[in-house]
Ligand SMILES: Nc1nc2c(ncn2[C@@H]2O[C@H](COP(=O)(O)OP(=O)(O)OP(=O)(O)O)[C@@H](O)[C@H]2O)c(=O)[nH]1
Ligand SMILES: [Zn+2]
């Protein structure tokens with residue numbers, strides 16, 4: 001058995017490298033995340049050839065750049081700009097204060113698949129979805145010479161599309177205020193990404209529909225009691241109902257900020273303070289409204305032996321995704337708690353734009 005990393009492990013390394021600011025090789029490109037680009041690395045990348053900044057079509061729409069590659073756009077890097085320009089294109093904080101970043105020259109034609117995969121990697125590293133990319137003639141030789149992590153285009157594309165394999169690492173009894181019979185299970189993905197947790201209350205029979213909640217992490221709502229969302233109240237209400245019924249399972253999925261991570265969620269909050277709603281803020285950052293992978297929740301439920309749930313949610317997309325991933329939803333149990341003056345607009349936007357049931 002070889003000692004070196006396989007493709008899944010190299011993808012995990014690539015994510016870590018991008019977060020640190022180390023370039024990686026994806027297919028025929030050397031890429032670096034816009035967010036973590038240093039002046040030295042920019043100079044070194046320019047030395048390899050003409051660089052382009054690849055961004056999503058969402059971000060391009062805000063910048064009024066032409067997305068000739070469908071869901072992404074490749075912008076030619078001007079000769080005279082530094083990392084600040086790259087970051088300003090990627091990061092919308094100063095869009096309103098600095099409206100004159102363009103005009104942008106967007107490339108058309110050629111193959112953008114590796115750029116797309118690199119943006120996917122940056123997203124999965126919870127970075128802003130923007131990468132600086134330079135095409136090189138011999139990517140393998142360059143990766144070997146510079147000690148860069150290298151993944152082929154096929155490996156990157158497959159890793160981004162495939163379902164993450166999760167295995168339970170451990171579970172232990174945790175008596176809770178809502179029920180003495182609490183148990184926390186920890187699930188670890190094979191691809192080096194975030195762990196997820198399941199809180200089991202009582203001993204729900206596996207053959208019957210279980211009262212279930214798929215809760216996405218919200219540091220601000222769950223821990224700090226933020227009034228900007230309803231998450232903390234929903235978490236507590238779900239656990240309380242499971243305690244009252246004596247059985248249930250709450251999945252605590254580490255998909256902070258609908259999958260964009262806490263740093264990006266705080267960027268979205270800053271944009272919300274500039275007047276944009278929760279969906280517009282995600283788009284200006286270059287993300288889709290919701291970047292969560294709901295297959296993870298279904299996989300954990302299956303792993304625990306459940307095949308049917310009474311799902312506590314106001315989000316019809318969660319119900320559809322459960323059904324699409326082999327979990328029967330026998331009932332929807334509404335969770336209408338935590339409405340505040342501060343989150344009224346947020347909840348109204350989710351109802352109007354994302355189809356949430358109020
Ligand atoms: N990007 C972004 N994420 C947010 C914002 N406000 C809250 N969140 C995140 O939204 C997610 C809400 O998760 P859930 O409550 O499980 O999901 P939901 O889609 O609201 O559905 P239900 O609560 O089940 O009805 C959490 O990950 C929060 O961190 C925001 O303004 N922007
Ligand atoms: Zn929240």
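Note: Cβ is positioned from N, Cα and C throughout, glycine not excepted.
Residues or ranges marked as active site, proton acceptor by TrEMBL: 290. Taken from TrEMBL, the feature active site, nucleophile covers 292. Feature annotation from TrEMBL assigns GTP binding site to 213, 214, 215, 216, 217, 234, 256, 257, 258, 278, 313, 318. Residues annotated as Zn(2+) binding site in TrEMBL: 218, 229, 231. The domain 'GTP cyclohydrolase II' annotation in TrEMBL covers 170-334.
Positions of the features from TrEMBL, shown on the structure.
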residue	record	DSSP (3 states)
213	GTP binding site	strand
218	Zn(2+) binding site	coil
229	Zn(2+) binding site	coil
256	GTP binding site	helix
290	active site, proton acceptor	coil
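For residue 217 (GTP binding site), applying a Cβ distance below 8 Å and a minimum sequence separation of six or more within one chain yields 252, 253, 254, 255, 256. For the pair formed by residue 218 (Zn(2+) binding site) and residue 258 (GTP binding site), distance between Cα atoms is given as 9 Å, rounded to the nearest Å. The Cβ centroid of 218, 229, 231 marks the Zn(2+) site; residues of that chain outside this set whose Cβ lies within 8 Å of it are 216, 220, 221, 222, 226, 228, 230, 232, 234, given in sequence order. Close to ligand 2, meaning a Cβ under 6 Å from one of its atoms, are these of the recorded positions 218, 231, 290: 218, 231.
When the recorded positions 229, 231, 290, 292 are compared by Cα distance to residue 313 (GTP binding site), the shortest distance belongs to 231. Among the recorded positions listed (215, 218, 229, 231, 290, 292), 215, 218, 229, 231 have a CB atom closer than 6 Å to some atom of ligand 1, in sequence order. Rounded to the nearest whole angstrom, the C-alpha distance between residue 215 (GTP binding site) and residue 292 (active site, nucleophile) is 11.
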